[in-house]
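Single-structure report; data block below.
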Amino acid sequence: MKTIKSLFLLSLLIVNLLISSTYGSSIRVSIVGGEEAEVIEKPRTFGNKRELKLEYSQIYPKKQLNQENINFMSARDTFVDNLMSKMSITEKIGQMTQLDITTLTSPNTITINETTLAYYAKTYYIGSYLNSPVSGGLAGDIHHINSSVWLDMINTIQTIVIEGSPNKIPMIYGLDSVHGANYVHKATLFPHNTGLAATFNIEHATTAAQITSKDTVAVGIPWVFAPVLGIGVQPLWSRIYETFGEDPYVASMMGAAAVRGFQGGNNSFDGPINAPSAVCTAKHYFGYSDPTSGKDRTAAWIPERMLRRYFLPSFAEAITGAGAGTIMINSGEVNGVPMHTSYKYLTEVLRGELQFEGVAVTDWQDIEKLVYFHHTAGSAEEAILQALDAGIDMSMVPLDLSFPIILAEMVAAGTVPESRLDLSVRRILNLKYALGLFSNPYPNPNAAIVDTIGQVQDREAAAATAEESITLLQNKNNILPLNTNTIKNVLLTGPSADSIRNLNGGWSVHWQGAYEDSEFPFGTSILTGLREITNDTADFNIQYTIGHEIGVPTNQTSIDEAVELAQSSDVVVVVIGELPEAETPGDIYDLSMDPNEVLLLQQLVDTGKPVVLILVEARPRILPPDLVYSCAAVLMAYLPGSEGGKPIANILMGNVNPSGRLPLTYPGTTGDIGVPYYHKYSENGVTTPLFQFGDGLSYTTFNYTNLACSNCKPISGQSGNYTGVLGQSYTFTVTVTNNGNVQGKDSVLLYLSDLWAQVTPEVKMLRGFQKVDLMPAKSQQISFTLNAYEFSFIGVDNKITLESGQFIIMVGNQQLGLYLQ
């Protein structure tokens, strides 16, 4: 890095003489997809810096509509106009109301109370329902909901809703399908999003979303509450595992890939979304993922520049780039303003800058929470008014009729005009039209799609995703893969070594995760997977003991048993981490690993036997660095899902070559919290992460050579330095070679470093990634094209800004310099 910078400094005078500046002119810049946009160059008072400003409408220009789009929109608008002209105030408010399924079921049952449902349908015309009857726990002795029960339930609700509606308006049902259709029995469960991100392979995000949509739509539910697009920079936060990690670019690319997978590459604004696709929900818009306290739904203090630099891009890519049909609003507050009351962000930014045309739904009880939780409203009426003024469309009430009753009174009193209802109702009806609910509201229990739930090829896709996610962080003396010629006895221990429940984490069968492994009809634990692929014979013997159970007092007897078995083992594999959790119940006060798990690990390391540490965890729990470095190997498994056990076993035995990379910074101490890899230059050396973002080893070695810019102008006499014109796209190529003896996949990461800017730049930012699969001694040239937006930052005026200057492009150990004028 220092060499490149020095060459830049030496060549600046020559470059400035060679390249002229223009001021106040209109120029064209390269943007997403190779398109161009016209921007106005802002003059500078002095010096030779050039500065350009971009808007999201230029970065993501609206697509050209074809005749099919035009016909669809015309037919939809005519239909919705006619329907709305016949709707009463009560019907319109009903469309804006969403209730939980448990408002329709009796305690400890999943049976729909049809009398209650008919009352809601005929009196309040409720337009949406959500959730699983067993989300919060067992309903009597019922653990899960299978496809036939779901289909019967949805058909019952839909039939009674349509019968009760004067205009035969169908309801829309939504479900948290977070890592697969996790509330549908037998559905395939994938790694949670941090694991997906660790693959650095957008194909896995697309495939996971496609299968999730298919399995959700198969039971009659066309609305999926996913993906989470928050940036995972607060490791204390209970929902960090639902994010795609700490990097805005990874979250943007993986999130957009998921949106396209969920919706079949379509959006609901200019065309239909047909089965097996569902409409998805970009959530939680936005700033939710970095609560200052680390506790769920608590206050976030994020300056406007940081919001726009790090937290908004993933939503822009998903909404404006990929066409997400709905958004769910951040339950918390940002800079003292609950997002549900923010006209700036829900209307000016979301509807204005991001051009969002879809439905904005609240999260759980969030309008009511403006009164008793946020204290911005002194009454339910004031809370509803604040939320409507801000721009919500649908209220996830979800447990009573307060919203429709009070809103009807407010409209009757003239406090809320009917025209405000019409804005939201039109969006909701447009969505229902796009999903085909008016023409085909009832799911078919005999449809072929129902039989595909949990099919073998889906579970194989989940296993393949887990294989590419698992990240080898440490491998002393190449202890992995385990050599069966020299290793005959293995001890497998730890609380997550034989637990499918722990592999899945939260949002699995129930909101807080499964109670027991028997709730999963498919899947393998690590122990089962290891025994299956090794046959567990006398030639390779696997011993198992739990060692310790998470959440119970220290049981030295269990630890002693593990230590005793370790004495007769050649290698010890210990699997530690966390129990399933989600949202507020998952709040913690200390990021440190459970001390009893640390004690188990310490005593196993003290035996002197090689210890392979496997981490199965929702958050990067802090471990004593010296203890971790004493382990022979470290594998990060994240929450790999039901199918995760066998991929982990295959990596241990060398049947699969690990290729995951960390999508977040793994802290070594509490002082590392809140400092991501893209920190400022002034923060260099202030943290000591246990492992860095992008870390990940392989059983082979990859070499990078010949990094070059194919359409830049080389600087004469300055090898590796180039010049270019601000606002253009540039293509960089690098050759990747497998120098080892085994086939392997490699995630090739391209970073951009802005050396000087009007706003202090980050040391580096990821601007491209690709996955390659190479046989030994084979090479492949990788190409990355960076458009103008990817050289931008958020300027002193909080606008997207391009500025002439010096940049470093980095891929592995390769670097080049680029001066843009």
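Heads up, the Cβ atoms here are built off N, Cα and C, so glycines get one too.
The active site annotation in Swiss-Prot covers Asp363. Among the features that Swiss-Prot reports, N-linked glycosylation site is placed at Asn113, Asn146, Asn266, Asn535, Asn555, Asn703, Asn721, with the record citing sequence analysis. If you look up Swiss-Prot, you'll see 1-24 marked as signal peptide, on the strength of sequence analysis.
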When distances run from the Cα of Asn113 (N-linked glycosylation site) to each of the glycosylation sites Asn146, Asn555, Asn703, Asn721, the nearest one:
Asn146
Counting across all protein chains present, how many other Cβ atoms fall within 10 Å of the Cβ of Asn535 (N-linked glycosylation site)?
9
List the same-chain residues at least 6 positions away in sequence whose Cβ sits under 8 Å from the Cβ of Asn703 (N-linked glycosylation site), in sequence order, or say none.
Val736, Thr737, Asn739
Applying a 10 Å Cβ distance cut-off over all chains shown, what neighbour count does Asn555 (N-linked glycosylation site) have?
15
Given the glycosylation sites Asn266, Asn535, Asn721, find the one whose Cα is closest in space to the Cα of Asn146 (N-linked glycosylation site).
Asn266
How far is it from Asp363 (active site) to Asn555 (N-linked glycosylation site), counting Cα to Cα, in Å?
41
Nearest to Asn266 (N-linked glycosylation site) by Cα distance: which of the glycosylation sites Asn535, Asn555, Asn721 is it?
Asn721
At a 10 A cut-off on CB-CB distances, which of the glycosylation sites Asn113, Asn146, Asn266, Asn721 has the highest count?
Asn721
Rounded to a whole angstrom, what is the C-alpha distance between Asn721 (N-linked glycosylation site) and Asn555 (N-linked glycosylation site)?
61
As a whole number of Å, the Cα atom of Asn555 (N-linked glycosylation site) is distant from the Cα atom of Asn535 (N-linked glycosylation site) by 31
